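For reference, the structure discussed in these notes is given below.
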Amino acid sequence: MGSGGPRPGVGPPDGGWGWVVLGACFVVTGFAYGFPKAVSVFFRALMRDFGAGYSDTAWVSSIMLAMLYGTGPVSSILVTRFGCRPVMLAGGLLASAGMILASFASRLLELYLTAGVLTGLGLALNFQPSLIMLGLYFERRRPLANGLAAAGSPVFLSALSPLGQLLLERFGWRGGFLLFGGLLLHCCACGAVMRPPPGPGSRPRADREEDCAGDAPGEADGARLRLREAPPRGRARRRLLDVAVCTDRAFVVYVVTKFLMALGLFVPAILLVNYAKDAGVPDAEAAFLLSIVGFVDIVARPACGALAGLARLRPHVPYLFSLALLANGLTDLSSARARSYGTLVAFCIAFGLSYGMVGALQFEVLMAAVGAPRFPSALGLVLLVEAVAVLIGPPSAGRLVDALKNYEIIFYLAGSEVALAGVFMAVATYCCLRRSWDTPPGPTTEGGASDTEDAEVEGESEPLPPGTQEPSSLEALEVLSPGAGSAELKAEADPGLTLESV
């Protein structure tokens, strides 16, 4: 797709240090997606201590998810400006500080600001940079890498939910929050291993300048000057946030699908434990239901990632994604009246399977839709839109539970929204995007770029006319195009451009 894909000999390494990066992505994804759901174990205790309803306490998870998604553009800009590693280190500290401060909260508002805002922001500053770095290290094995990294969510969910129940019983919710804050410091260790890939490739300027810091003083200054000045022939310049991606039809279809999906996808998982407790299931067994979802999810995500990487299926990943959404929605609809523990276990197995497929494919579909160069900006904008849906879905579901004292309608609504997202994705892809999606990836394509992107990238690779002035403030990120060799880094600067134009 477009020219964002790697060229022979200069593409992502598809291994090496990439496996360490993949391991860090596994941990970060586990915390980012598993943590907001695991916190729901403490809701009953919070309702009792603060005298609040379920909808009020559900805002803790909702704000955490909203910050995880809504600060996507901010994370994109920070990664562009400072690089992945420092942003992730700062995010790990923020996430930990939020949970530690939340353990001293005396009002729900303080919980919203600490566990919700601070921890959510910290998780966001870890999650998005880790995905960006993963895309720089993998191309041929990218579907498998995405599936393995996404498996961190069910692994951590299956561990954090029983751990949270154990901490709640032994130390109360305050002690549990304090210890969870200590666990989140592992995000800092994950950020420390996020070094840029070797050789020519797309990576933020801040990361490339880190490499120059180890050179001799004169050489480092010269390298920084060459990186900051005008791009040589074949190099593309990137904006801090490329909003032009919104004109891509494939991106628009994906955004609408994700909005509909986010309205209902997380609701059953957030309500599941309390739904089971209200049905008479003991607390420990109710918490174990989330672990069942996690165990099935652990198998589903890597398996689905490997399946999507097959040569015959990779051009049709959007349809596989649509099928996963439809299956998830139908699972919610068919299980709305589940009350016994056996039927709840069956629901968890089916839900975990379809949920794992969605998790394994969602970012692979986006990478294939917009291409690697525009993925950081596209991801930030998608997460922002998804944040709006997350702020609407779970809190509204909690309010309906408080008003109706009935979970059945919640499952019907959530299932309908997710199923609608799957149908829309399939129909829109078939009617509007079939030609671009079905184009098999070639040496210089990633499979299915829009015509707009191809024209854009081709234009970017042309040399600048003499005297042409670049836009100033937004174009602070310079990325080597895949065809640029290491010798181009040493090209002389165009005298027609100044440092102020970068």
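Note: Cβ is positioned from N, Cα and C throughout, glycine not excepted.
Per TrEMBL, these features apply:
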- 451-461: compositional bias 'Acidic residues' (COMPBIAS)
- 18-433: domain 'Major facilitator superfamily (MFS) profile' (DOMAIN)
- 197-219: region 'Disordered' (REGION)
- 439-476: region 'Disordered' (REGION)
- 16-36: transmembrane segment (TRANSMEM)
- 57-80: transmembrane segment (TRANSMEM)
- 86-104: transmembrane segment (TRANSMEM)
- 111-138: transmembrane segment (TRANSMEM)
- 175-194: transmembrane segment (TRANSMEM)
- 251-275: transmembrane segment (TRANSMEM)
- 287-311: transmembrane segment (TRANSMEM)
- 317-334: transmembrane segment (TRANSMEM)
- 341-363: transmembrane segment (TRANSMEM)
- 375-397: transmembrane segment (TRANSMEM)
- 409-430: transmembrane segment (TRANSMEM)
Candidates 86-104, 175-194, 287-311, 317-334, 341-363; stretch with most C-beta pairs under 8 Å toward the transmembrane segment (16-36): 175-194
Cβ contacts under 8 Å made by the transmembrane segment (111-138) with residues that lie 6+ beyond its boundaries: 12-14, 16-18, 21-22, 24-25, 28-29, 31-32, 35-36, 39, 46, 59-60, 62-72, 74-76, 78-79, 84, 87-88, 90-99, 101-102, 105, 145-146, 149, 177, 184, 187, 190-191, 194, 196-197, 201-203, 363, 367, 372, 375-376, 379-380, 383
Within-chain partners of the transmembrane segment (57-80) [C-beta distance under 8 Å, separation at least 6 from its ends]: 32, 35-37, 39-40, 43, 46-47, 50, 87, 108, 111-112, 115-117, 119-121, 123-125, 127-129, 132, 204-206, 238, 240-241, 262, 266, 270, 376-377, 379-384, 386-388, 390-391, 394-395, 397-398, 476-477
For the transmembrane segment (86-104): best-contacting stretch of 175-194, 287-311, 317-334, 341-363, by Cβ pairs under 8 Å: 175-194
Best-contacting stretch, by C-beta pairs under 8 Å, relative to the transmembrane segment (287-311) and drawn from 175-194, 317-334, 341-363: 341-363
Chain residues outside the transmembrane segment (175-194) and at least six past its termini with a C-beta under 8 angstroms from it: 20-21, 23-25, 27-28, 31, 35, 39, 42, 84-89, 91-93, 95-100, 102-103, 115, 119, 122-123, 126, 129-130, 133, 160, 164, 167-168
Spatial neighbours of the transmembrane segment (317-334) far in sequence, C-beta under 8 Å, 6+ residues away: 143, 257, 261, 264-265, 268, 304, 307-308, 347, 350-351, 353-355, 357-358, 361-362, 364-365, 368, 411-412, 414-423, 425-426, 429, 433, 437
